[in-house]
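Summarising the annotation, TrEMBL assigns domain 'DYW' to 507-599. Per TrEMBL, the feature repeat 'PPR' maps to 87-121, 161-195, 293-327, 328-362.
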Amino acid sequence: MSQPPSTAVAATAACARSLADLLLALSAARALPKGQQLHGHLLKAGHLPATASSHALIAHHLLTFYARCALPGLSLRAFLDLPAPPSAAAWSSLISSFAQNGLPAAAFDAFRRMLAAGVPATDRNIPSAAKAVAAAADSSRLPLAPHNLHGLSAKTPFAGDVFVGSALLDMYAKCGHLADARQLFDEMPERNVVSWSALICGYADSGMHSAAVEIFRLALEEAVPVNDFTVSCIVRVCATGTLFELGAQVHARSIKTALNASPFVGSSLLSLYSKCGLVERAYRVFGEAPERNLGIWNAVLIASAQHGHTDAAFRRFMEMQNAGFRPNYITFLCLLTACSHAGLVGEGKRYFSLMKEYNIEPQAEHYAAMVDLLGRVGRISEALDLVESMPMEPPESVWGALLMACRMFKDADTAAIAAKSLFETGSRSSGAHMLLSSTYAAAGRHVDAALARKAMRDAGIRKETGLSWLEAAGKVHTFVSNCRRHPRSNEIYDVLEKVGEKMEAAGYVADTSAVVKDVNRDEKQATVRYHSERLAIGLGLLIVPEGVPIRVMKNLRVCDDCHNAIKYLSKCTGRIVVLRDNRRFHQFEDGECSCGDFW
């Protein structure tokens with residue numbers, strides 16, 4: 001006996017609700033195989049394509065399910081199974097699916113099609129559209145897209161909504177429109193942690209570190225409940241600027257709020273301590289991390305590589321694999337860097353080949369690391385062959401690595417080839433010009449060195465200023481070579497003179513081969529004697545307590561003479577000096593360097 005129509009409709013609706021609830025549970029669990037089985041059942045049972053309103057709910061949940069399983073193409077299929085016209089909620093889910101799964105162009109296109117269909121912008125789809133605009137490549141993003149979206153949202157009832165405002169602020173920050181981001185931030189009637197974090201990270205990513213720190217301090221003053229993303233971002237600022245004392249304070253605060261348990265905060269803290277020369281403390285952060293992700297494993301690998309702990313890097317890689325983590329392209333870059341810093345050509349080639357087993361195509365950075373590795377051990381012709389075999393056009397980093405190798409081994413002819421190719425990439429790097437000039441000078445070809453410097457001047461390229469800095473007593477002291485601007489300059493030069501006499505008595509002889517000017521020996525010695533890192537170390541001898549390492553940072557590669565001189569200085573003074581240049585860390589102690597004179 002057939003059921004009355006009303007009873008049948010009710011039963012159908014109840015069944016649809018049960019199926020929708022089941023789909024929601026599978027979506028939350030991201031249970032793809034079971035969800036696909038349910039999808040098949042829905043098709044066979046005639047629930048899809050959706051016709052009734054109850055079936056539309058199933059199709060909508062299916063759209064969300066595939067979005068959460070990172071399958072936006074299937075989300076689109078589910079969207080097309082909805083009865084026409086799709087609801088505003090369905091459009092929002094589709095836009096979100098594209099935006100969250102790395103398809104910003106498709107997300108923004110769907111947003112525009114939604115508006116064209118007469119569906120209004122809401123507090124659900126505007127944030128997704130903002131995320132899509134922020135994620136789009138600069139070349140594909142319409143120039144006025146951020147401002148147009150902001151203007152559109154201002155005409156909706158959600159103009160003052162904190163979530164919409166925060167999404168727009170984050171969009172402006174990620175698109176590099178920091179003035180607009182700050183204006184929006186100042187005008188927001190209400191702010192949340194996303195608003196604060198977006199502005200802080202926007203400043204940080206643009207290199208405006210002091211502004212990022214200032215906003216963070218303001219957030220703390222206003223008792224904003226910062227999250228792990230905010231803390232991770234400000235710790236990255238401290239790491240980039242080697243602001244150890246501020247970073248340590250943020251670390252202490254993260255412990256009090258339990259945010260240090262986040263693997264994102266942990267990886268940032270690990271990088272902070274590593275970049276400030278406190279690698280053992282970095283390892284402690286890793287060892288105490290309650291949760292580990294691939295980011296923190298990569299962070300400990302690069303810390304080991306930068307500090308010359310090559311065996312530790314290899315061991316960590318094995319532990320990472322045993323813990324079930326699959327290496328990515330950054331992992332292999334860390335390993336190749338470790339091999340390069342230790343001159344392990346065989347190991348480097350093995351890891352380079354291993355990338356194929358993980359279906360990772362070597363990028364330009366990996367080739368640059370291999371060229372650096374081969375060049376460091378003098379296999380310059382092999383390095384050049386590798387460059388010429390690259391499947392992509394060699395970028396500046398690759399030719400720069402080869403040029404550095406030529407400088408180390410005084411190979412002026414190959415240096416000329418590398419420099420010519422580097423300049424053809426459109427590079428305006430002063431470092432490349434100076435490397436070529438110093439290579440010629442080291443090979444005794446002073447006329448060519450002078451011509452290289454002239455070509456640099458003719459191109460309107462200025463030499464990058466070498467800077468070194470030391471943080472002590474809450475203040476950062478910055479130096480350039482032969483500078484006397486520091487209030488204690490007289491004391492610094494005096495202490496370096498006295499230590500220099502002890503160094504010479506111990507056998508130190510200045511290496512002036514890198515001096516590009518063809519002048520007499522006394523003038524060459526005067527040129528190298530007061531490089532910026534030596535002045536910073538001189539201040540450290542005056543103000544850093546005995547028994548505490550003198551930690552100095554430098555924006556360029558330390559020259560051969562300074563490296564040798566600091567070894568003698570550490571032996572003659574009994575002080576430990578930790579120097580970070582733009583290539584790696586050097587720990588000088590009792591006349592030896594942790595890099596083994598290999599950098």
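Including glycine, each Cβ sits where the backbone N, Cα and C put it.
TrEMBL does not curate its annotations; it predicts them automatically.
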Residues of the repeat 'PPR' (87-121) by DSSP state, where helix covers H, G and I: 26 helix, 0 strand, 9 coil
Model confidence over the repeat 'PPR' (328-362), averaged pLDDT: 95
Cβ contacts under 8 Å made by the repeat 'PPR' (328-362) with residues that lie 6+ beyond its boundaries: 294, 297-298, 301-302, 304-306, 308, 310, 313-314, 317, 320, 369-370, 372-374, 376-377, 379, 584, 595-596, 598-599
Helix-strand-coil residue split for the repeat 'PPR' (161-195), DSSP-based: 26 helix, 0 strand, 9 coil
